[in-house]
Amino acid sequence: MNYQDVKYTQLSNKTEVCSRCCTPRKLFTYFFILIVTLIGLLVTCYSHSGICNKYDNRKVHIRLTKRRLPHCIIIGARKAGTRALLTYLKVHPDIQTAQYEVHFFDNQENYDFGYGWYQKQMPYSFPDQLTIEKSPAYFTESSVPGRVYSMNSTIKILLIVRDPVQRTISDQLQLNFKGLDMGLEVKPFEELVLNPKTGNIDMNFKPVQRSYYDVYMKNWLKYFPLNQIHIVDGDQLIADPYPEVYKVESFLGVRHAIPQSDFVYNATKGFYCVKTDTAYQKCLSGSKGRSHPHIQKEVIEKLKDVFWKHNENFFELVNQRFFWNNKTMASKIGK
């Protein structure tokens, strides 16, 4: 065989090998695998920087992540700012939050499903991230503290409270809007909160009962020490959220990753929004931040008198005072 024959044979062999290995279909497969791998790396990078929540909504399971029982629970109080706090914490890169109120500990049917079911309601998270769940009904249900303790006696607890008069009004306002949506007749707040026979505050009125913070706090302190429960000032969270969120970060033991400049007041909505990693302002839904109707000053004063002793007891329990028992502030609410 001469040189030309050898050269031709080698060339033919290379062409045959290439034809077997480099078909358009295989090239497309290799290219597709490469693109998918790059996308996976990008998703992992961005998710670990605080954007993982949006992928969790689509139930995308990123490598190294899994669903975990919560490290912290926001237990309430109802209509005190729990959704606002969760919205702010949601943008923190070291925190993952449940997408809805699970009501595991206060709903017997859910509780009977067990911890495995509860864990499946949590978002996917990395090992170094905290998982937080919020259900405001937990604070006032007597069985909940013991159930939480049985699951995790060292869990961290966040409680948000605000002026009980304002909280009571907000509570009923929400119920009124739900009633209107259902086509029901809605009575004025004064008619609902006052006993028609005596003219005094109806002590059995649910929104009033939910504002007895001391009663429910005593139940939680039977199971958890005070240093395991952080009290958030809901009124300050509305007026200036940054200091309150900063204190929550310290309590949770995470880095201070939400700067004051990320809190932007939205004049249209009437409350603060927070910037995300994409510079998008994350705000509460349109159902939040509704203005309160005018309430008769006499009713405000009666509510203040009802809550006075409960407030003092609560201040003593948590070693922290709020402005609620200030008569000057109370009179301003009714204006």
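Backbone N, Cα and C define each Cβ position, glycine as well.
Noted from TrEMBL: CYS273 is disulfide-bonded to CYS283, selected from CYS72, CYS283. The 10 Å shell around the Cβ of CYS283 (disulfide bond) contains 18 further Cβ atoms across the protein chains shown.
Of the recorded residues, LYS79 (3'-phosphoadenylyl sulfate binding site) and CYS283 (disulfide bond) place their C-alpha atoms 16 Å from one another.
Here the candidates are the binding-site residues GLY81, ARG83, SER170. The one whose C-alpha lies nearest to that of CYS283 (disulfide bond) is ARG83. In this structure, of the binding-site residues LYS79, ARG83, the smallest number of CB atoms within 10 A of the CB marks ARG83.
Residue pair SER170 (3'-phosphoadenylyl sulfate binding site) / CYS273 (disulfide bond) shows a Cα separation of 20 Å.
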